[in-house]
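J.: The structure's right below; bear with me while I get my questions together.
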Amino acid sequence: MIPWRLTFSGVRDYPPTLLDLSGFDSHILITGPNGAGKSTISFCMGAVLYSSKVDAEGLRSRNLQANETWRAKISFLLKNDGLMKIDAPAFIEFTLYMVQEPGQPVKKEFSISKGDHIDQWEETVSYTSGDRYYNFTAYKKDLQQKYKIDPDLFYLIWYQQEVNQFAVMHPEERFRIFSEMHGIDKVQRDWEESMEKLKETEETLRSSEMNVKRMKQELSMKRVALDRYVDNQKRLREGGGLYLGSLLRLERHFYREKDRLLDIMQQLEVEMEEMREEQALKLSQKESTAESMEAINEEIKSREEWMEETRKNIDHVETELRTILERMAELDKELRDITERKSKITRSEEEVKAALQKLWIEKEETNKAYVHVKTALEEKKQDWRRTVEQIAELKEKVMSAERQEAMHQERLREYKSSHMVQARMDALDKTIDENKEIKRSMSLELRQLKDEQVLLEEGRDLSTRQAESMKWFRSRQVKAYPLRELIEMTETAKLQDEQLFQAIKYTVFFNGVDVNPPNDLYHVPLMKLVPDRSVTELPDLHIRVREGLTEEEIPHAIKALWWVEQCFKGERISIQNGILIDSLGMRGPQEKERFILSAKALSVRKQEVHRMIEQLSQKLSWLEEQIVADTKTLQELNSIVHQVRESEAFMTKQYERTALRKKWKEEQNNEATLEQEIERLETEIGVYTRLQYKHGVLEEQLHEEEQFYKELGKLKDKYEERNELDKQADAKREQKKKESDKNLMLEQEIELLDSKLKQTERKIRKMSDDLESIDASLRSRKKQKENCEHEKELAEGELVQIIKEVTDMKELMPDVYSMVLAENPQERKGSFQQWQNDRERGKVIWNQARMEDGIDPAAPANYETANTEYERLDNEFKRTSILLEQDKERAEQLRDKMETMINMRVLEIQQRFKTYLGHFQFEGDINWESYEDHKKRVHFKLYIKVRKEGHRGSMEDVSIKARGGKVGKGVSGGEESLSSLLFALALLQNIQTAPGFIVLDEFDSALDENRKSKVFDLYVHELGRKMIVLTPKSHEQSYMNRFSKAFVVHHDPIETRSKVIGIAKVEGV
């Protein structure tokens, strides 16, 4: 579709105007001063093609009065030709009619006319806002899908300042336009919708989970209520059955008990009548026997009074006789003692007195000698105790010294000397340090092997320097790939074929332009590789793109394979026999020889690494044990060396221990001397003590003999008193004998009366016992009768109560009553107490169950309803969980698809953008990022970074400016415009459609003449479209020659009219 003609009328200050745009390759220039109305022409093109960027009401002429009707018409004729030729006639004209009555909104009508000849239309279709089928939406849809000339969708018209918009706009807005142009916005919307759906599903899942938990809790409560209800019903039936059964058995029991008690009461009445008759007879017999017993009692009483008087006389005589006999015994004893003592005395009274005087003098002398010896003994004992204490102290010191000497001698015998211990410690310390160093190096080697094993398990095999490079790139968030992760050997390759790549197979490729490599491996920037063809396999070299790569990694792998191919072509560099040769020299293998590009080599390397890890682990274990053992020995020796030095110092003090033993012997000899002296003094003390004892015995004998001679003159009066008392005693004995005979006779009489009285008493007691027995029997029978009557009343009362309770239970629980009757409880055996217990227990169980609070009769139905609801919510929760997993998977797939598409499109644009910038001695980069804000909304940004070739420092986005209205930061206006134009060109190149024209309004306003021409030529060469350029600038002839037609827009401010003047290019002028 090629623009061929543009006509418009009623537009701003323009009269009816026609612009001839014909020509397949004819580029059109529309120029004129600022404010003349050039942009109005681009607005007319946009308005007739229904661009959302053009406000059609803005085309109204300002010369019209408010009460005038505005009528305008815009027609845009295109020729059906070029790369996007459609199935339609040769010419198609798009027309816009606009009418605005005073005070009314603008009425618009679009039409499309088609025909093989201009203005001879074969078909015309009109579109109005009120039409059901041909409305503005249908018009827009036909422009996009049928005619492929939507100015917004295909970016056909770049309005004023739009051409520079990419440099100044926010990176987020830049990404939006980029995504719309490449269809990424649809995938992005799908992903965002999937994320929203995922959030909704997560919220639904949370809500469902809460509902399930809530319902589970409620179900648990319902279950508790159901269990309580079931238990209550069970207790009602069991308690009621037990209660009714025991009531029926008790009813039968009380009927029988009532009859039994009536029989017992009748029998008791007969027995009581017989006992009353026997009681009357026994009472008359008892009264007569009691009268005879009274007479016997009177006679016994008189005899007892007479005998009591006789006893008193005997007692008086015995007392007097006892007094006389006692005095006589005293006198006999005194007289007998004096006689015996007289026979034992050998000294006369004068000899006794002389002996006492001599004894007193000897005692005085003995006591003085005893005190002197006693004092000497105490002093010697004190000296001995001090000597013993000193000997014990010296002995302890000597013994301790001997023990220490034996210990230190044993220690020196074992360790020889402290010098030898220290030498051994130094040797162990050195051995430990050497083993630790070996362990450190082996641990490092083992760690490296384990890291390599992890990489091999993941299908990766990195050398040490490759791992260093990968870590370095990760720290800078730069994606990097070892060569073996992008390419591999084919199945037909042999292990020896890999030797061709010894000089380059450890190369690292990174997704960047320029870095400072961390080591001397090859580091190849993927962004600088622009393959001249797509290659996935090199059969001659037996290598290909690795299988299983992601869409993002495949382009990198193709570039890496193409790079390897260049190394073997021999242009600037070449590889011959595994040696890389370039203009500066030659290079051999990058690392030690290993096979890393084939699956076979990877398997062999895995086994080798596994074997090496096992060997190193065993060696490390042995080293660890050796280090621990040596360290333990070193610690022991370290604690021993001080003790050995102490032993050596101890052995140098032998003279002190010899002097100590000598002093100990001297004190032992002194102790023996003191013990002999003490023994001698104790012997003397014994002699004086025995002498003092003899003096005491002699003194006691002499005093007794002196006392005897004093008592000897009192014996004459006592002999006379003894004879008188003997006569009195004989008289009293005779008087006592007479009274005793009299008393004996009275006792015999009383015994006979007592025997008779006892017989009478026994007879009366027997009668009383019989009466009491009869009375007790009567009382017992009466009590039994009363008890029977009471029991009968109780039984009748119980029977009435039981019948009432049975009736109540029959009314309250008829089904339980019928069940109990069917079981025939009356025939069951058991005791009355058991039945009573069963009655009380059953009644308690039944009443507790009947009166229990909180029992819901609707519990079974409520539980069933709650269980059904819980199962429904649980199933809904499970379905939501499955749906959430599906949504997560779909969101992840959409995100991967979106990121892959973005990466591919950015990479394509980036290559073109860099190439275009290279024509102007600039370096550039295009990248993107995404992030989440605090509201969890995902934002995407697209960055355009430019700098002059050779400039250092990091590149910044072209939209960055100084804050606060300041200047001095960011790129210049020309660089800004250039980067925006070249980015727009890269975008247009990447669009899959190829329209036949493009309109650029003031795209060269910030470019100098040289860059303007280069940009124009670049657009023409890259796009291959008809160019319609609007510009206010004057231009050099060389630039003007690039256009086939030119139009000059002129505005007359006096008449407020604008007009267009066409200028045609004449060949050869």
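Glycine is no exception: its Cβ is also placed from the backbone N, Cα and C atoms.
Note: TrEMBL annotation is automatic and uncurated.
Okay, these came from TrEMBL:
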- 184-218: coiled coil (COILED)
- 258-348: coiled coil (COILED)
- 374-452: coiled coil (COILED)
- 599-626: coiled coil (COILED)
- 664-691: coiled coil (COILED)
- 715-805: coiled coil (COILED)
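Situate these features within the shown structure.
T.: With a cut-off of 8 Å between Cβ atoms, the residues of this chain six or more beyond the coiled coil (184-218) that come close are 176, 178, 866, 869-870, 873-874, 876-877, 880-881, 883-884, 887-888, 890-891, 894-895, 897-898, 901-902, 905, 936, 938, 940.
Predicted-model confidence for the coiled coil (258-348) is 78, expressed as mean pLDDT.
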J.: Taking 374-452, 599-626, 664-691, 715-805 as candidates, which has the most Cβ pairs under 8 Å with the coiled coil (258-348)?
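T.: Ranked by Cβ pairs under 8 Å, first place goes to 715-805.
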J.: Counting only pairs at least 6 apart in sequence, do the coiled coil (599-626) and the coiled coil (715-805) share 3+ Cβ pairs under 8 Å?
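T.: No, since the coiled coil (599-626) and the coiled coil (715-805) share fewer than 3 Cβ pairs closer than 8 Å, they do not count as touching.
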